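Trainee: Take this structure first; my questions come after.
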Amino acid sequence: MRWLPTIVCWVLCLCVPLAVDARVRPYDDIVASGVLKVAVYEHFAPYSFEENGKARGVDVDLAQALADSLGLKLELLWIVPGEKLDDDLRNFIWKGHYLRPGVLADLMLRVPYDKDYRNQRNDVGELANEQVVMFGPYQRERWQVVHDTRRLPKVDSIGVFRLHRIGVELESVPSFYLSTVFGGQLSANTDHFPTTAAAFAAMQGEKVDAVMGLRGELDWLLFKAKDAELKESDNTYPNLGQPTWDIGMAVHESNRQLSNAIDMQVEDMINDGRMAKLFEAYGVHYELPGLYQDLE
Amino acid sequence: MKLTGLTHSTLCLAITLASLSAVAGVTDQDISDSGKRNDQIVVNGLNQAGQRYSTLDTLNTSNVKELRPVWALSFGGEKQRGQQAQPMIKDGVMYVTASYSRVFAADARTGKKLWQYDARLPDGIMPCCDVINRGVALYGDLVIFGTLDAKLVALNKDTGKVVWKKTVADYKAGYSISAAPLIAKGKLITGVAGGEFGVVGKIEAYDPSNGELLWTRPTVEGNMGYVYKDGKAVENGISGGAPGKTWPGDLWKTGGAAPWLGGFYDPTTDSLLFGTGNPSPWNSHLRPGDNLFSSSRLALNPEDGSIKWHFQTTPHDGWDFDGVNELVSFDYQDGGKTIKAAATADRNGFFYVLDRTNGKFIRGFPFVDKITWAKGLDKDGRPIYDDAHRPGEPGAEKKGTSVFVAPSFLGGKNWMPMAYSQDTGLFYVPSNEWGMDMWNEGVTYKKGAAYLGAGFTIKPLNEDYIGVLRAIDPKTGKEVWRYKNYAPLWGGVLATKGNLVFTGNPEGYLMAFDAKTGEKLYQFNTGSGVIASPVTWEMDGEQYVTVLSGWGGAVPLWGGEVAKRIKDLDQGGMIWTFKLPKELVAKH
């Protein structure tokens with residue numbers, strides 16, 4: 001039954017392709033209400049999480065900065081991630097979820113900014129996410145390996161994992177990659193965990209010698225671990241389809257006025273260094289998204 | 001002498017207790033007698049075998065057109081989503097669940113609502129497929145059901161007040177319960193649904209009187225089962241004996257195989273018969289091997305949950321063919337010998353007849369018109385794969401390469417239970433004719449990260465119908481008759497001694513057919529789609545029929561060609577009860 005949620009979005013696309021959902025708040029209504037509703041992923045340190053009952057994280061701080069810049073109060077909506085991004089866009093940007101009738105976010109963060117994804121067609125040739133505007137790239141994300149130098153001094157190539165155990169999150173690209181690369185030779189040394197944080201803890205508990213996951217998550221875990229023997233490697237990843245990608249935001253297609261206003265703020269924050277500071281506060285490397293790298 | 005005296009008084013006490021509980025509510029005897037008694041419905045499936053067969057024949061092919069609606073009850077509120085429950089009847093009261101984990105008790109004569117219980121559901125539940133529930137279990141004074149946030153709740157049958165509540169699994173990990181729990185030998189048995197990430201399916205037994213856990217049995221090879229003694233977990237053997245036999249690496253720790261549709265208890269072999277869901281992760285290329293006990297039928301010892309036998313319908317599943325569909329026990333004669341068999345119509349399009357004493361394959365055959373993923377079954381019932389119809393390895397091939405697979409992942413038959421007639425010896429199978437295109441997506445994301453996903457679209461195989469109600473002879477594989485339905489069938493079936501077969505369709509009709517010929521003899525428009533299982537019982541000398549109406553469930557959740565066929569169907573939420581009035585019985 002696992003594929004069902006994925007297809008839900010197609011139904012509305014097909015039946016009422018251009019209808020604007022009544023619950024999408026136009027820019028003027030947002031301003032009048034004094035509140036900006038921003039959707040962020042739950043339990044997703046260092047980007048968005050709760051600590052001692054308080055919302056924290058790079059995306060939470062960014063949402064706050066954006067709300068401040070528009071003179072609005074921030075209201076966070078926590079996303080329970082679906083199987084794919086399409087599910088989250090459907091649940092928070094254009095359709096909502098039947099368990100939360102009437103609830104949509106004005107803005108969703110951590111939405112990849114990728115032309116190919118944006119232009120993806122569904123099975124009947126229509127744009128799969130035509131009700132969503134994806135804009136405002138603010139970070140480049142990538143896959144990364146962290147290793148414990150006490151047991152694995154150096155990762156010259158991914159081939160060392162023929163001899164060393166490595167932890168990954170279940171149902172993730174690192175899992176797919178390490179299970180299949182080099183004809184599956186690394187598969188037996190790949191241990192699966194429910195989260196990257198659990199894999200990291202297993203490395204600290206000497207159950208695995210390394211972890212592969214999102215660089216942002218690993219940066220944060222290293223930042224908290226304060227253990228100089230745990231290091232990020234700089235090896236290459238042969239045959240890894242997409243080693244880097246850019247992270248941006250999304251609003252409803254009818255709400256370009258909001259995306260334009262926010263776009264300007266994001267650009268300012270990147271150019272004056274405030275964006276980098278948000279990431280540094282959580283020990284996360286800040287890498288400019290491609291749009292800004294090309295300008296430099 | 002002293003000893004005898006003690007025994008005597010103990011016996012007296014036992015008799016007193018037994019008679020008290022008979023007044024108080026559903027007893028073990030009621031449950032054992034469920035196949036014979038027509039004045040009440042106290043088990044899911046109408047009898048313990050799950051045959052959905054009633055020995056009532058007051059209502060029959062000659063008078064069914066006189067069937068009259070006598071009352072209806074709305075579930076009310078704005079929560080009008082899919083209604084899939086089978087009603088239970090005890091002492092003139094109907095107990096039924098509704099969408100959003102609600103329970104209703106109603107006067108079975110008038111439809112007057114006696115009480116309603118609404119589970120308070122937390123934010124953040126992520127049910128797979130609508131907010132449906134498939135019904136309650138009755139035992140003693142209790143009405144017990146499972147909730148979308150994976151709890152068991154026991155209510156007092158007279159007041160609807162909570163007697164106990166127990167968390168079966170963590171909804172935050174994606175677990176939920178939608179199946180009706182099962183009472184077997186005084187134990188309350190349940191599986192769990194969902195749980196995509198880092199979990200293993202499990203079947204558990206609880207003490208119905210207080211919700212205490214008695215045993216737990218993981219449904220993935222390599223994981224330890226436990227029995228609980230004085231609140232302590234005692235190891236009770238690893239499922240399948242040891243890890244790693246049919247799974248690579250450590251994937252057995254997270255193998256899925258959720259038994260989300262519940263099961264039955266077969267007293268003749270003293271076994272719990274349950275089915276399991278598909279394996280995790282979704283990409284079959286990552287988990288070479290059979291991946292036991294995913295997509296299987298299991299027979300469990302009700303005392304401690306140990307696995308007696310298994311039969312895997314789809315080893316190494318790569319198409320999302322859950323193996324949860326109900327395994328229905330039935331006996332038949334073969335050369336003067338009584339065969340203790342069990343049958344199931346699987347998602348994968350094959351109908352299997354098994355020896356229920358040992359799980360051995362007797363025979364199997366397609367029950368749908370088109371199967372592409374396998375060329376057939378071998379002598380042990382194992383599919384002979386057609387590798388051209390297994391989706392390619394993600395990342396290893398060009399994007400856009402698509403394979404066509406029939407049946408679709410929603411199955412030749414989905415959750416909706418079939419019926420077995422003890423008179424005709426036929427199974428009445430609600431099935432669907434559809435296939436799917438599957439391909440690996442070039443670009444996908446998940447929670448802010450690049451991902452490798454699969455795309456798919458469901459395609460009807462015929463212009464004029466998807467649903468097919470089939471009468472199938474389990475001894476020969478022969479289809480005796482079929483009834484075609486434009487929309488996909490999603491409701492359960494009922495067979496009666498009156499030579500009748502009942503089912504409903506998404507178009508909203510409760511329909512009755514001649515069990516021998518398939519001729520449609522009666523239909524009634526309930527106003528919204530019927531995706532629940534009809535029941536029949538006798539009260540005050542008259543035969544009643546009840547079915548829930550309320551469109552929803554998994555069907556409306558997809559797009560493409562199928563969406564066009566159902567776009568005009570509206571939601572609802574009603575109990576509809578019919579009877580054949582006494583005076584009209586005499587007329588015929």
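From the backbone N, Cα and C atoms, a Cβ is placed for every residue, glycine too.
Note that TrEMBL annotation is computational and uncurated.
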Trainee: Pick out which of B:Cys12, B:Cys129 TrEMBL lists as the disulfide partner of B:Cys128.
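Mentor: Among B:Cys12, B:Cys129, the cysteine that TrEMBL links to B:Cys128 by a disulfide bond is B:Cys129.
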Trainee: Going by TrEMBL, B:Asn414, B:Trp415 bind pyrroloquinoline quinone; tell me which of B:Arg134, B:Arg217, B:Arg565 is listed for that site too.
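Mentor: Record source TrEMBL; matching candidate: B:Arg134.
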Trainee: On the Cα atoms of B:Arg134, B:Asn414, B:Trp415, which are listed as binding pyrroloquinoline quinone, what is the maximum pairwise distance in Å?
Mentor: 14
Trainee: Can you list which of the recorded positions B:Cys129, B:Arg134, B:Asp320 come closer than 8 Å to chain A, going by CB to CB distance?
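Mentor: Cβ contacts with chain A under 8 Å: B:Cys129, B:Asp320.
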Trainee: In three-state terms from DSSP, label B:Cys128 (disulfide bond) for me.
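Mentor: Its secondary structure by DSSP: coil.
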Trainee: For pyrroloquinoline quinone, what surrounds B:Arg134, B:Asn414, B:Trp415 with a Cβ no more than 8 Å from their Cβ centroid?
Mentor: B:Gln84, B:Leu261, B:Met416, B:Pro417, B:Trp490, B:Gly553
Trainee: Which residues, sitting 6 or more apart from B:Asn278 (Ca(2+) binding site) on the same chain, put a CB under 8 Å from its CB?
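Mentor: Looking at Cβ-Cβ distances below 8 Å from B:Asn278 (Ca(2+) binding site), excluding near sequence neighbours, one finds B:Gly256, B:Ala257, B:Ser294, B:Ser295, B:Thr314, B:Asp317, B:Asp320, B:Phe321, B:Asp322, B:Gly323.
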Trainee: Looking only at C-alpha atoms, tell me how far B:Trp415 (pyrroloquinoline quinone binding site) is from B:Cys129 (disulfide bond), rounded to the nearest Å.
Mentor: 12
Trainee: Reported in the order helix, strand, coil, what are the DSSP residue counts of the domain 'Pyrrolo-quinoline quinone repeat' (B:488-545)?
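Mentor: Counting residues by DSSP class gives 0 helix, 30 strand, 28 coil.
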Trainee: Measuring Cα to Cα, how far is B:Cys128 (disulfide bond) from B:Arg134 (pyrroloquinoline quinone binding site) in Å?
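Mentor: The Cα atom of B:Cys128 (disulfide bond) is 14 Å away from the Cα atom of B:Arg134 (pyrroloquinoline quinone binding site).
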Trainee: Within the domain 'Pyrrolo-quinoline quinone repeat' (B:488-545), what mean pLDDT does the predicted structure show?
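Mentor: A mean pLDDT of 98 is what the model gives the domain 'Pyrrolo-quinoline quinone repeat' (B:488-545).
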Trainee: Identify, in sequence order, the residues in the chain of B:Cys129 (disulfide bond) that are 6 or more apart from it along the sequence and have a CB within less than 8 Å of its CB; answer 'none' if there are none.
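Mentor: B:Gly553, B:Ala554, B:Leu557 - these are the non-local Cβ neighbours of B:Cys129 (disulfide bond), listed in sequence order.
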